[in-house]
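First comes the structure, then the notes that go with it.
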Amino acid sequence: LLLGVSGTSMEKNITLDSATRIELSCRLDNKYSHLKSLQVTWKKGNETIRHINKTENSWGIQLIILDNSKLGSFSCTLKGEEEISAMFHLQPKIEGKEKPIVSYEGDTAILICKSSGYTPIAWTWYMTNGSEQIAINDSLLADKYSINRMSANVTHLKILKLTKEDDGVYWCEAAFELGKSKGKLKLKVLSLMVPLKPFLAIVAEVVVLVTVVFLYEMYSKKKEKCA
């Protein structure tokens, strides 16, 4: 939705994870419908393309995305008394893990992100601290983190000597020529006591049972002696 602010360009990132048909549309806000004789231009990068869908105050293009060669930056520009534009960045989806990664205190956890199709220029890992995302620098914290780019499209974050403070949400960010895209991963760090709790509960039940049996035997013998 174009708000009619001259000289500014709105931007929208669109992430895709598979082949698809997509429509991009620029629609002028109704309060700017008085603008007349607008010349509308759609471009992919610097290449002009023809818009095929037009309704009142709305112009769109339809794309069939089969591979990463069809991805890129698409722009619509409206020229008249003023110039208004918008930019769409079509980029690949970054794949993390939907389910939390579970590990225990003192262990090592490995978080993995990969990009579908497009090859990132660079990867950056972040950890969440409240509402803030803090970039992880494995060079300064080599005893805690290790970041490896296993292949052009895959990155690993290794977290050493896990503590409860490492529990939380992590982000991997891939930088492309078109812009940036992020993947989200959750790490759950459990205490070593967690797997022992069922065992300790069983042991406690056995101890109680043995104690009851022992007291009953003592009571029975004492009663017989008194008799």
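Backbone N, Cα and C define each Cβ position, glycine as well.
Marked as domain 'Ig-like' by TrEMBL: 92-191.
TrEMBL lists 199-219 with the feature transmembrane segment.
With helix defined as DSSP H, G or I and strand as E or B, the domain 'Ig-like' (92-191) counts 3 helix, 60 strand, 37 coil.
When pLDDT values are averaged over the domain 'Ig-like' (92-191), the model yields 88.
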